[in-house]
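Read through the structure below, which is laid out as C-alpha cells, and then see the notes.
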2 protein chains.
Amino acid sequence: MATTRSGVLRVLGIDPGLTRCGVGVVDVARDRSATLVHVGVVRSAPTMPIEERLATIAAGLRAVIDAHDPQVVAVERVFAQHNRQTVMGTAQASGIALLVAGERGLPATTHTPTEVKAAITGYGAADKRQVQTMVARILRLDELPQPADAADALALALCHAWRGGVRPSGAVGASALTPAQRAWADAERVARR
Amino acid sequence: MATTRSGVLRVLGIDPGLTRCGVGVVDVARDRSATLVHVGVVRSAPTMPIEERLATIAAGLRAVIDAHDPQVVAVERVFAQHNRQTVMGTAQASGIALLVAGERGLPATTHTPTEVKAAITGYGAADKRQVQTMVARILRLDELPQPADAADALALALCHAWRGGVRPSGAVGASALTPAQRAWADAERVARR
C-alpha cells in the first residue's frame, strides 16, 4: 500500500450500520502520529424502504470519499453470531461500504472489533468509553468523539494504519525506519505469523 | 404497484450470492401466465478482494436492469442462522442487490425461501429439483433452468408477481378479474391475515 503525500496515509474508517453508519477519516504519519480529518455519521431513516436506506448510505459514503479523498478504507467486520435482529442490516451496510470502496478503486480491509480495541487501547475487551477516550487522546481532541459509531470509525481507521497500513514508500525501504519503528514492525511481523 | 405494458408486470428476481448471484426476469400477465425474459448468473471470482467482488456483482446486476428494464425487484431474504461461513457474503450480496434497485428507483421486496417454494410448488419444504421442475413447467421451458441459483431467481420473480405484484390497473378495479382470479385473490387475502 503506497503512502503518498509525504508519507502520510489517509484512511477512511467505516462502522457499518443501517440507522447510523459511522465514518472517520484520519491522516497517519510514518511515526504513527495521527490527525483528525473528518468524523461524522451517515444516517438513514428506519421508516424508509430498505433499498432506499442502502442507497442513502451509499450516497453518504461516496460524498465522504469525494470530499476527503482517502487512500484506503477500513470496515468493521460483522459476525453472524451478533444480535440477529440487526445483524443482517449491518451486514448489508458493510457490503455497501466495501462496494463503494471497490467502485472507487480503493483497497478495503475489514477488522474485527477485538483487533480495533487491542490496537487502540492495548486491551481487546475494552469498553466503548475506553475506546472513545483513547481515540480523543491519540487525535488530541478536546472532547470525546460523538456518537460512539463515529468514535468506532476513527478507531478503525487508526487500527488499520497502525496494523501495517503505514509503510515507508518503496525507494526508501526499511532502512528509513527509526530503531523504535523497526522494533515495532518486527514485533508486528512476528505477531502475524 | 402499477402494471404498465398492457397489464404485464416485469419482475427481476435475484438469488444473492458472492460466487454466483442468480438473476431471472419474467413477464407475468394478469391471468398469472408467465413468460421467460432472461435468466443468468452474475459471478465473481473467490480470488478477488471482497470490495472488487461486490463491485463486479453490482455492475452485473445493473447491466441486467439496463438490458431488461424490470418494474420491480425481488430478492431472497437471508437469515443469520444459515451456514456461518457464507452467510455474511450472502448478506452483503443481498445488500448490493437491494442497493442497485434503490438507486434505479425500483421498488424491492424480499421473500423467504419458504414463501418462494410454497408459491411455486404449493409446498414450503420442496427441494431444489421440485422448484426447478415447476419453474420450467410454468415458463414452458424445454429444459430445467441451470444452475440452481438461476432457477431460484426465476422462482423468486414468479413468487413476487403471484403474491400480489400483479394487480388490475387502477381504473379497472377488481371487477376486471375473472371468477377464478377473484377466488384466488380472495384466498390469498385470507391466507395473509
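The backbone N, Cα and C atoms fix where each Cβ goes, and this holds for glycine too.
As annotated by TrEMBL, active site applies to B:Asp15, B:Glu76, B:Asp149. The Mg(2+) 1 binding site annotation in TrEMBL covers B:Asp15, B:Asp149. What TrEMBL records for B:Glu76 is Mg(2+) 2 binding site.
When the alpha carbons of B:Glu76 (active site) and B:Asp15 (active site) are compared, the span between them is 6 angstrom. Within the group of active-site residues (B:Asp15, B:Asp149), the Cβ with the highest number of other Cβ atoms inside 10 Å belongs to B:Asp15.
Looking at B:Asp149 (active site) and B:Asp15 (active site), their Cα atoms lie 6 Å from each other. Around B:Glu76 (active site), a 10 Å sphere centred on its CB holds 26 further CB atoms from the protein chains shown.
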